[in-house]
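Structure, as structure tokens:
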Amino acid sequence: MAVVGVLALQGSFHEHIAALRKLGVNGVEIRKPEQLLNVNSLIIPGGESTAMAKLAEYHNLFPALREFVQLGKPVWGTCAGLIFLANKAAGQKIGGQELVGGLDCTVHRNFFGSQIQSFETELSVPELASKEGGPETFRGIFIRAPAIIEAGPDVQVLADYPVRSNRLSTADSPTEDKKENVEEESKVIVAVRQGNIMGTAFHPELTADTRWHSYFLRWQM
């Protein structure tokens, strides 16, 4: 049976392990590089991305995490975990943070705002529904959430979310003047897959719906 590692430095790792348990899968906490040798796949949970990066650097985890991704083992990042897996990150704090990379996209950190601007919404998820059944929508929980503002040609979009176009252009180029037509809508990407890597800007582990976890586990069968 597959053993799924869950990076347990900070954030919602307990919730991911509980979701895996519901599916009859063994999830184990990962805090040291050598522990990655004992798992088939890895989940990087949501949390505070800067704090997680500092702890990962302290435990010398970044080289092992990059190697894990490069070996083609399945990796899924939620919220802060998505930021970790992106090749580029915008909207970072002064000095930035180290990234694992592997996902050909640019993620804007805290795109949706501060803690008090967190929200829940129904997302259209046709790929998830076609593989795992259930409704065509998923209740996305966004907590100080990032968003993907650019994605490469090999990145499969699994879910997106409508935003005003001027908000997207400002996030893309902070010095650019806002567009006059503030009612025009565009979309940002909030769930993707590229090869062995999946990323979600929201928190499936905080819901009772385990379809994202089962979708991720399907790659290992």
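Here the Cβ of each residue, glycine as well, is placed from N, Cα and C on the backbone.
Sequence annotations record features per position, and here TrEMBL assigns active site, nucleophile to CYS79. The active site, charge relay system annotation in TrEMBL covers HIS203, GLU205. The feature L-glutamine binding site is assigned by TrEMBL to GLY47, GLU48, SER49, ARG109, ILE143, ARG144.
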The one of GLY47, GLU48, CYS79, ILE143, HIS203 whose CB sees the fewest other CB atoms within 10 Å, among these recorded positions:
GLU48
Using Cα-Cα distances with a 10 Å cut-off, which of the active-site residues CYS79, HIS203, GLU205 are near ILE143 (L-glutamine binding site)?
CYS79, HIS203
Measuring Cα to Cα, how far is SER49 (L-glutamine binding site) from GLU205 (active site, charge relay system) in Å?
17
Hey, what's the Cβ neighbour count for SER49 (L-glutamine binding site) at 10 Å?
28
Tertiary neighbours of GLU205 (active site, charge relay system) (same chain, Cβ under 8 Å, six or more apart):
SER12, GLU15, HIS16, ALA18, ALA19, PRO45, GLY46, THR78, HIS213
Let me make sure I understand the span of the L-glutamine site: among GLY47, GLU48, SER49, ARG109, ILE143, ARG144, what is the greatest distance between any two Cα atoms, in Å?
12
Cβ-centroid neighbourhood (8 Å) of the L-glutamine site, GLY47, GLU48, SER49, ARG109, ILE143, ARG144 excluded:
GLY11, GLY46, THR50, CYS79, ALA80, ILE83, ASN110, ALA145, PRO146
Taking the Cβ of ARG109 (L-glutamine binding site) as the centre, count every other Cβ atom within 10 Å, in any protein chain shown.
21
Rounded to the nearest Å - Cα separation of ARG109 (L-glutamine binding site) and HIS203 (active site, charge relay system):
15
